[in-house]
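Notes for the one structure printed next.
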Amino acid sequence: MQSTLPSLFIVGPMGAGKTTVGKLLAKHLGRDFIDSDHYICEQTGADIPWIFEKEGETGFREREARAIAELTALPNVVLATGGGVVMQPQNRDNLTKQGITIYLRANVDVQLKRTAKDKSRPLLNTPNPRAVLQSLFDVRDPLYREVADIVVETGDGYPRYMLKKIIEALKQHYPEHMKS
């Protein structure tokens, strides 16, 4: 598909499918795909749990803010962000000013199902991950909505179904940029 859209940024909670759907969207549009968490790991030579352990969440968020400033300035990319990206005002500013932001909205039940076996999520290494996910959702959902140009309810949908919903929304909201 041909498009003259600016860069596309995907936000949402952990387990929403940002990376999976982002890769599909990038392929569909013929664009490069970048995952900000993977980018941070490549830049530091360490994984996210290690960064959290050594630098704490504050250290990670500082690294994330630098990465988001750099990555949102790139042209014609699809960028999947980390779940906490919206916690920093400068990240929200970069997301809203540099491209089109798509919020993949997943409820806590969906997130819990998709993250249950994933041990690489430091914020879920707790006896009650449901409570953590609910707390994060309550704080972050309004911030995701604040930056979002498009909101896609993921439900229990498959990645290709979510891709279809995103493409339909892009055609509806930005028809001048979308050509079949």
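Including glycine, each Cβ sits where the backbone N, Cα and C put it.
Remember, it's a predicted structure, so these values are computed and weren't measured experimentally.
What Swiss-Prot records for this protein:
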- Gly15, Ala16, Gly17, Lys18, Thr19, Thr20, Arg121: ATP binding site (BINDING)
- Thr19: Mg(2+) binding site (BINDING)
- Asp37, Arg61, Gly83, Arg140: substrate binding site (BINDING)
Arg140 (substrate binding site) versus Gly15 (ATP binding site) - Cα distance in angstrom: 14
Cβ neighbours within the same chain of Lys18 (ATP binding site) - under 8 Å, at least six residues apart: Ile10, Val11, Gly12, Asp35, Ala80, Thr81, Leu104
Site extent for substrate (largest Cα pair distance over Asp37, Arg61, Gly83, Arg140, Å): 18
Distant-in-sequence Cβ neighbours of Gly83 (substrate binding site), under 8 Å, six or more positions away: Gly12, Pro13, Met14, Ala16, Leu136, Arg140
Additional residues around substrate, ordered along the sequence, whose Cβ is within 8 Å of the centroid of Asp37, Arg61, Gly83, Arg140: Met14, Glu64, Thr81, Gly82, Gly84, Val85, Val86, Met87
Three-state secondary structure, Thr19 (ATP binding site) (per DSSP): helix
Arg61 (substrate binding site): tally of other CB atoms within 10 A of its CB: 17
Rounded distance in angstrom between the Cα atoms of Thr20 (ATP binding site) and Arg61 (substrate binding site): 23
Under 8 Å by Cβ from Gly17 (ATP binding site), same chain, sequence gap 6 or more: Leu104, Ala106, Arg114, Thr154, Pro159, Met162
